[in-house]
Amino acid sequence: MAKATSGAAGLGLKLILLLPLLGEAPLGLYFSRDAYWERLYVDQPAGTPLLYVHALRDAPGEVPSFRLGQHLYGVYRTRLHENDWIRINETTGLLYLNQSLDHSSWEQLSIRNGGFPLLTIFLQVFLGSTAQREGECHWPGCTRVYFSFINDTFPNCSSFKAQDLCIPETAVSFRVRENRPPGTFYHFHMLPVQFLCPNISVKYSLLGGDSLPFRCDPDCLEVSTRWALDRELREKYVLEALCIVAGPGANKETVTLSFPVTVYDEDDSAPTFSGGVGTASAVVEFKRKEGTVVATLQVFDADVVPASGELVRRYTNTLLSGDSWAQQTFRVEHSPIETLVQVNNNSVRATMHNYKLILNRSLSISESRVLQLAVLVNDSDFQGPGAGGILVLHFNVSVLPVTLNLPRAYSFPVNKRARRYAQIGKVCVENCQEFSGVSIQYKLQPSSINCTALGVVTSPEDTSGTLFVNDTEALRRPECTKLQYTVVATDRQTRRQTQASLVVTVEGTSITEEVGCPKSCAVNKRRPECEECGGLGSPTGRCEWRQGDGKGITRNFSTCSPSTRTCPDGHCDAVESRDANICPQDCLRADIVGGHERGERQGIKAGYGICNCFPDEKKCFCEPEDSQGPLCDALCRTIITAALFSLIISILLSIFCVCHHHKHGHKPPIASAEMTFCRPAQGFPISYSSSGTRRPSLDSTENQVPVDSFKIPEDPKWEFPRKNLVLGKTLGEGEFGKVVKATAFRLKGRAGYTTVAVKMLKENASQSELRDLLSEFNLLKQVNHPHVIKLYGACSQDGPLLLIVEYAKYGSLRGFLRDSRKIGPAYVSGGGSRNSSSLDHPDERVLTMGDLISFAWQISRGMQYLAEMKLVHRDLAARNILVAEGRKMKISDFGLSRDVYEEDSYVKKSKGRIPVKWMAIESLFDHIYTTQSDVWSFGVLLWEIVTLGGNPYPGIPPERLFNLLKTGHRMERPDNCSEEMYRLMLQCWKQEPDKRPVFADISKDLEKMMVKSRDYLDLAASTPSDSLLYDDGLSEEETPLVDCNNAPLPRSLPSTWIENKLYGMSDPNWPGESPVPLTRADGTSTGFPRYANDSVYANWMVSPSAAKLMDTFDS
């Protein structure tokens, strides 16, 4: 206290020392404008007056002296010519033409100016006779005169309009300093016109009367100020005049002119205390951080804010204190703000100076002091008398200590299903939310070492502690139903402590985690998959969906969150920052695709539609929601309900009639309705009608009719002349049909020959197989998509039925992928060899992950089209995808596809062998085939693509697969498969069909993966060490075929299930006999050859024992 008083007592001495530093601004003449404009014409006579420049005085008695610069310059300050064309009267400031200028003068300057047709030059005019450098021309002691040099003669006097004679070409404004003697600052007349057109009379008169400080001479040629102006009273004026033009005739025209006049400021106003307050009191308690503003005092100055370069020199502030602790702890910061004040109904600029007393360092919670501080403020440019520019500000400061206190006890509930990093509550010392510069550390001391399920982390924003789940296993222990802790809060600087008890009650029951759920809730893009999964930070074990408002780019965007209470909220808190998977919407420093507004340092501040993130790949997407408004109102829904009710009644009546008819009518022999997984022996074909029901087979009368006797109606649109078709080598064959390579002449109007593939029946085929071929023919007529095999035509008359379809150069996708594995890096470099017949000449480059994703995307687009056409494929697999030139994917083998315009599912209740490992659960157990069961198969196809043609579920026999799938077992992620691709597979393998994505959504997800895919897939490195993945001991084509009696069948069938018997892609070069003779297990011999390595076919074909198991399920 004594030190502060003694410091204030020395104020008088300091003021005396500072007074000699006060000075006055230099005085001098100045120009009223910083630029003048006029026109020059070719052949203007020498001596033509051009314009006046005017100088105003700083003090009475000053006489101006004008001097021209030595050179003419271009607008880009290029020196063009020595100035011998323009002269000036050094006393009056009149500029006139020294010599007449011709076209050569203009051309000479134009060339030096870069050849621009519009030539503008300028020269500089200085005040005073002393020499100045031309590069230092600045207002107020120098001005520039610009001339538009026109390559034409002076216009005819009769061509001028009144506006041309009154209004200058360029806007004119004036600058007048306050408190200066009156003087002339403008000459109205355009001197060249007055000189060259004496018959035109132009006169002026001022408007506004005596209220304005301007006047004209008797002829009103020159305008002057009437008195010294005061900027603090009025800063801007408008000079208005009336221009009267009279020509040789009697007509007169008037034009009104206006010019702005700005009064420039000088430092003639002393600073004063704002509101008369020069003392401030402050208390330093909870805000103790360096940079904290302790108190503020304001100083008002009627003068304008100085330029930034002048501010530090003009205004100084000094902390007057002899206390070293105060000097080290506090500093003063000065910040001026321009403000407007009203004076006589005029807005005038002024300055409000803010002087802030700021902590120069952080203070500990134990610091305690009381002191008085004085700050000297000096306006060093003040032009008034004495020490009017000096003020002293006073600050009374009290620094108080801080005591740490916690409440006696805390109590929180926690859900047993909570995931790691789930936030359950906060602990906070008293007033912690007001702390700044105080560092508190929280710790938990558990009462039992077996129940340490919680952790605590200190929030740097409000010095609170956030409690979170750190060990989910401890939550599930029976003895940990009530967690007891001691919370200890410690000040890091002084080590002072306080503590309280904490009781956390564990509630709820455990739940089974969904298969295939991502680690982060933010990955989920759709509400159903969000709410059925959990993720890091979820307090309930399930993610929460936040539905946005859908209004453009908004902070309330739709997203999946562990807890909408904390995520996303635009702030990455202390818990969320521990793992990017908790809340990437707030914390991820990622690339954001789509409409968004990025957070200040991280996360998404605002987004468009639905925003989801992939933390491992550091990417976020904000895309529109796939939603539509209500399509039907209440009346519409009532009508639809009534119609559906009527339809249901009609269907029930129809079913009753049909059942009654079958009960009393003749029953033809039909196949068994039991679902078995074996194939009838050769010669007993299985087929379906277009409605999806089993046709009569085996002993059906129509199947005994020769194919040749069946008359096919001709379709002129698709009929192709048989003579124009030349058949070639066989590409693949099945039991009753084959595919051959062919050339077609003038196909679809094309010139020359076109390579095609032709599907046909073998001689042993029956009408059942012919109907299958006709069914595919009729189906292919309806489809047209770049990723579905294309029908060109058919030969249906005067011979066997031939279907002409698109030729796929590289065969099946499965063979293409496997052969790509064999290629390896050596093939890319040209050193490899190929023996496979599946690929003749593929692109000579190694497959990249982008290629594989592209294959999947193409297939998904084709399946999306088929789904929109209401077609179910039922056998989607890599073996049934063909690869055309340019690596174009083509969906083929529609022998099983069924038109579902009438019904969305096909129930298969017939005998026949099926591809178990590609089938959906509902197809295996309930015989239901829908577009969503195709989605399941597509997931297996994705697995085949990523593993380059691997066999699904390697090493697992089909009879075990049923129970594994039912209990939630799914294939594991292959080594070279991305997390995002594997998540898509798992979504396709959801047990409930309605929770699987549709093909449209799958296409969108694959499009994103294609954009993000950059790295090459190392085919050699991706080869699994387990040979089962690719061979299972045998290739799929070499698997044994057995009938219902376990009798082996000939290996002439394709590598698809038996209903695809017509168009398989088996190798035509297979040997006719087995290299190793085999006997049956029962010791009986067969008349059919087998192969030694024919066991893996069971990997996707169910054995008779499994068939019996499925019969049990049926019953």
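Note that Cβ sites are derived from N, Cα and C of the backbone, with glycine treated the same way.
Looking up Asn156, Asn835 in Swiss-Prot, the residue bearing an annotation of N-linked glycosylation site is Asn156. The disulfide entry in Swiss-Prot for Cys166 points, among Cys243, Cys428, Cys432, Cys451, to Cys243. Between the candidates Lys711, Lys759, Lys781, Swiss-Prot assigns the ATP site shared with Leu731, Gly732, Glu733, Gly734, Glu735, Phe736, Gly737, Lys738, Val739 to Lys759. A straight line from the CA of Tyr982 (phosphotyrosine) to the CA of Asp875 (active site, proton acceptor) spans 21 Å. In this structure, the C-alpha atom of Tyr807 (phosphotyrosine) lies 21 angstrom from that of Asp875 (active site, proton acceptor). Taking Cβ-Cβ distances under 8 Å and a sequence separation of 6 or more, the neighbours of Cys197 (disulfide bond) in its chain are Cys157, Phe160. In the three-state DSSP reading, Cys142 (disulfide bond) counts as strand. Cys157 (disulfide bond) falls within a helical segment according to DSSP.
When the disulfide-bonded residues Cys137, Cys166 are compared by the number of other CB atoms within 10 angstroms of each CB, Cys137 has the fewest. Using CA atoms as reference points, the recorded positions Cys166, Cys243, Tyr810, Asp875 were checked against Thr566 (Ca(2+) 4 binding site), and the closest is Asp875. Cys567 (Ca(2+) 4 binding site) sits 43 Å from Asp875 (active site, proton acceptor), counting Cα to Cα. According to DSSP, the region 'Cadherin-like region 3 (CLD3)' (266-380) comprises 16 helix, 63 strand, 36 coil. Look at Cys243 (disulfide bond): DSSP puts it in a strand. Note on proximity: among Cys137, Cys142, Cys166, Cys243, Tyr810, the recorded positions of the record, the Cα nearest Glu576 (Ca(2+) 4 binding site) is that of Tyr810.
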